[in-house]
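Student: Copied straight from TrEMBL:
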type: BINDING; residues: 20, 21, 22, 23, 24, 25, 26, 27; note: ATP binding site
type: DOMAIN; residues: 13-192; note: domain 'Guanylate kinase-like'
Ligand code: 5GP
């Protein structure tokens, strides 16, 4: 193996980064995309936020105390981290390194800060998609109808939405989530196209070497 493990697999994995304001439908889309594509792994973040009713530890997030989070952060175990709505969120580094070394793709559900850090750390691998709600009314409706967060968090999410949206220009793709089915199809299309980018098809060199006409290989 070469000293750069990321350069060795037949296919170079991609980091599909999804960001959006709360209430744009990102988590639902991420779940559906992951369920539809066995080659796409999920980067499970660490967070100090309390778990919501439907969330499972180790599946949606690793729910940890602030002390534990700070210990992981200080030990360099996080690829990136950020404070969002008063809680800490971070991406464990090890699973990402392992996935890229093996040519596997990973999905990241992170805010604009996480997206920007991952893109700076892994510029060749990051594919950033920003998901927008179809209207301001729909955004507020979705944030309120979630009903699982305390009022002050809902208020913060409404305010935070504007700040998050202001970063849309840093993304490679922007998707207006009018309905889940169409948006899922678009996301699948992006993943398919990005997997075909020349620089990710590391194994092509071997194929191309074998495609030379027999007369020229003699
Ligand atoms: P929620 O509390 O709604 O699950 O997430 C709040 C925000 O934190 C969302 O925008 C989500 O994408 C973001 N987030 C989740 N995990 C991470 C992470 O590991 N790093 C960063 N930077 N943001 C994250």
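Positions of Cβ are set from backbone N, Cα and C atoms, glycine also.
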Student: I'd like to know which of the binding-site residues listed (21, 23, 25, 26, 27) lie near ligand 1, counting only a CB under 6 Å away.
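Tutor: Going through 21, 23, 25, 26, 27 in sequence order, none turns out to be close to ligand 1.
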Student: Over the domain 'Guanylate kinase-like' (13-192), what is the model's mean pLDDT?
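Tutor: Averaged over the domain 'Guanylate kinase-like' (13-192), per-residue pLDDT gives 94.
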Student: Other Cβ atoms within 10 Å is the metric here; tell me which of the binding-site residues 20, 22, 27 scores highest.
Tutor: 20
Student: Around residue 25 (ATP binding site), how many other CB atoms lie within 10 A of its CB?
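Tutor: Step by step: centre on the Cβ of residue 25 (ATP binding site), count other Cβ atoms within 10 Å, giving 22.
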Student: For residue 26 (ATP binding site), list the number of other Cβ atoms lying within 10 Å of its Cβ atom.
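Tutor: There are 21 such Cβ atoms around residue 26 (ATP binding site).
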Student: For the recorded ATP site formed by 20, 21, 22, 23, 24, 25, 26, 27, which further same-chain residues have Cβ atoms within 8 Å of the site's Cβ center?
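Tutor: Here the nearby residues are 131, 133, 142, 177.
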Student: If you run the three-state DSSP split on residue 26 (ATP binding site), which class comes out?
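Tutor: The residue in question, residue 26 (ATP binding site), is helix (DSSP, three-state).
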Student: Taking every protein chain in this structure into account, which of the binding-site residues 21, 23 has the most other Cβ atoms within 10 Å of its Cβ?
Tutor: 21
Student: Going along the chain, which residues six or more apart from residue 24 (ATP binding site) have their CB under 8 A from its CB?
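Tutor: Residue 24 (ATP binding site) has long-range Cβ partners 131, 132, 133, 139, 142, 177.
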